[in-house]
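Enquirer: So that we are looking at the same thing, I have put the structure below in structure tokens.
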Amino acid sequence: MGGSESTGRKVSFGMDEEERVRVLRGVRLSDEVVNRMKDSDLPSKDQSTSAASGTASAPAAFPSKAGPSASHPASTSTGGAHKPTAAGVGQQYAEEDLYRRYEREQAIIQEELARLAKRERESAHEKLSASILLEKNSTNQERRKAEHLAKELEQKEAELQRLNTFYREQLSSIEKKNLEIYRLTAEQYHTAATNAELRVRQRSYDPVCMNLQADILKCYSENKQERLNCSNLAKEYRKCVSAAQKNLLFNHG
């Protein structure tokens, strides 16, 4: 019952103390079903009352205990047909009433079982639908999460690619600047060296105090033992050199 209809629930019933088919084993009846079963007993009680009144008046017309002499002529006059007694009629009514009650209660029980089965099927269907919906939502969440992660990965890859391009451009620009600086520095160095060489070459000076220098050398060669005799020439030579230096500084200052 419920989710799988192939396996049925075993249901048994029995008589209670009032001989009503209301005791079930295997299923719990709701209060609504019990009330309906109680309502179904009301016509039966009326019929039982009428049957009881019939049995009360029956002994006057049909005595239940008659002697052999009383019953025998009656059977002879009717041609051998036996008339039903009051006790038999009451028992037959009671059995029919019990059977009708059994059928009504059985129909109510079957209706209740069908309702329970329908409710269990609906409950199982709702649970299955909820489970499918939950699984679908979980799948959608996982899919959205995967899409979000993939999008973030693409964004990070694009950012890394952009940074790589930026740093390559910066490195290339720095290399170009360094190369330009080196070229300018080399040109400036060569220009400065060339200018310095030209300035040095242009400054060709004649020897100063050549006459005094020759006189001193001659004096030293002649007075090897008495070089103090050449001291006056040495003083004049120093004065001449000092004057030439002052003149040079004044001209190029």
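Keep in mind that glycine also has a Cβ here, set from the backbone N, Cα and C atoms.
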Enquirer: Of 98-108, 186-196, 230-240, which span is tagged motif 'Cx9C motif 2' by Swiss-Prot?
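Expert: Per Swiss-Prot, the stretch marked motif 'Cx9C motif 2' is 230-240.
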Enquirer: Tell me, by DSSP, whether CYS230 (disulfide bond) is helix, strand or coil?
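Expert: DSSP call for CYS230 (disulfide bond): helix.
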Enquirer: Round to a whole number and give the Cα-to-Cα distance in Å for the pair CYS219 (disulfide bond) and CYS240 (disulfide bond).
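Expert: Distance (Cα to Cα, whole Å): 17 Å.
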Enquirer: Take the motif 'Cx9C motif 1' (209-219) and count its residues per DSSP category (helix H/G/I, strand E/B, coil), listing them in that order.
Expert: 10 helix, 0 strand, 1 coil
Enquirer: Select one residue from CYS230, CYS240: among these disulfide-bonded residues, choose the one with the most other Cβ atoms within 10 Å of its Cβ.
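Expert: Neighbour-count leader: CYS230.
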